[in-house]
Amino acid sequence: MGSLEKERTTTGWAARDPSGVLSPYTYSLRNTGPEDLYIKVLSCGICHSDIHQIKNDLGMSHYPMVPGHEVVGEVLEVGSEVTKYRVGDRVGTGIVVGCCRSCGPCNSDQEQYCNKKIWNYNDVYTDGKPTQGGFAGEIVVGQRFVVKIPDGLESEQDAVMCAGVTVYSPLVRFGLKQSGLRGGILGLGGVGHMGVKIAKAMGHHVTVISSSDKKRTEALEHLGADAYLVSSDENGMKEATDSLDYIFDTIPVVHPLEPYLALLKLDGKLILTGVINAPLQFISPMVMLGRKSITGSFIGSMKETEEMLEFCKEKGLTSQIEVIKMDYVNTALERLEKNDVRYRFVVDVAGSKLD
């Protein structure tokens with residue numbers, strides 16, 4: 001084993017400016033310490049939030065930026081205090097790679113809500129080095145922010161790491177895990193299609209809600225949804241009033257909330273998971289008169305991610321993906337912006353030429 005104190009270099013694909021165009025970029029990895037893993041990246045999913053970051057949609061981007069937070073890799077080296085992982089293990093890591101370890105969320109296994117969390121890219125680590133993501137040959141991650149990938153789950157299924165736990169966590173936290181509930185999925189993209197699969201596996205009746213009819217066959221026949229509702233169909237929306245216990249709103253652009261609040265039963269929950277950098281509006285009687293809630297949820301903890309992966313393994317759930325090489329990544333990002341993917345791009349990093 002080599003020295004864990006030495007710096008290493010790796011090559012990733014980085015955005016240099018808000019154009020969001022990625023190209024090869026060689027940089028130093030942060031020093032690895034006693035609790036760290038040095039990981040060879042095998043594959044990395046592409047999430048819509050990656051587009052927000054590389055194009056500076058949120059006004060917080062720093063360049064050069066190597067995106068990618070749905071990462072599966074092979075452990076090449078472990079620090080002296082690493083206890084859960086060994087060289088050769090297949091592991092996954094996500095969007096959070098650091099936290100304060102002392103606040104309420106950290107002490108209750110909800111580190112993704114720590115106010116001092118460190119993002120896996122477009123942030124600065126405790127040693128002052130910029131963090132960079134999974135569109136790269138290697139990464140260094142602390143053992144607290146890594147999970148073991150179950151045997152039988154393909155490495156390319158790393159999209160489950162983000163999309164899967166984004167729906168699994170709120171279903172568990174909001175007491176919506178029991179069978180027999182009626183749920184809605186607004187938006188049939190990467191998160192939405194996993195929402196259908198996970199909710200169905202929990203025994204829920206699932207309605208997909210979309211702006212057009214073009215995904216009806218896919219939703220009902222391929223993903224197993226029970227019903228399909230077009231939001232512009234006034235009669236259909238009216239008939240569905242007060243019919244759902246919850247709705248996952250995965251839409252990442254500004255849209256009205258009131259039509260969907262009307263679909264919720266008494267005490268129903270509208271759960272926001274799409275990143276929107278603009279105000280959303282509704283009139284208060286829409287929630288008051290049905291004791292309804294508009295809430296949000298952000299990915300899931302590492303503990304919940306482990307639970308979700310085991311749940312997916314047990315139920316045989318996988319993400320529907322399109323595997324690409326790194327030299328196609330810019331085209332894939334353009335297609336993702338147009339919603340032209342079913343339902344998640346995954347980069348075969350280990351099989352790609354990076355330089």
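Positions of Cβ are set from backbone N, Cα and C atoms, glycine also.
Spatially close to CYS162 (Zn(2+) 1 binding site) yet at least six residues away along the chain are GLY45, CYS47, HIS69, GLU70, GLY94, ILE95, GLY190, VAL191, ILE299, judged by Cβ distances under 8 angstroms. Following the DSSP three-state reduction, the secondary structure of CYS162 (Zn(2+) 1 binding site) is helix. Under the heading Zn(2+) 1 binding site, Swiss-Prot lists CYS47, HIS69, GLU70, CYS162, citing similarity to another entry as support.
The C-beta environment of LYS214 (NADP(+) binding site), restricted to residues of the same chain at least 6 apart in sequence and closer than 8 Å, is empty. What Swiss-Prot lists as NADP(+) binding site is SER49, THR166, 187-192, 210-215, THR250, GLY274, 297-299.
Residues or ranges marked as Zn(2+) 2 binding site by Swiss-Prot: CYS100, CYS103, CYS106, CYS114. With a 10 A radius on its CB, CYS106 (Zn(2+) 2 binding site) counts 20 other CB atoms from all the protein chains.
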C-beta crowding around HIS69 (Zn(2+) 1 binding site), within 10 angstroms: 27
Least surrounded among the binding-site residues, given as CYS100, LEU188, VAL191, when other CB atoms within 10 Å are counted: CYS100
Cβ neighbours of CYS114 (Zn(2+) 2 binding site) where a neighbour is any other Cβ within 10 Å: 19
Per-residue Cβ crowding (10 Å cut-off), top of binding-site residues SER49, SER211: SER49
Binding-site residues: CYS47, CYS103, ILE299 - member with fewest neighbouring CB atoms within 10 Å: CYS103
Greatest C-beta neighbour count within 10 angstroms, which of the binding-site residues GLU70, GLY274: GLU70
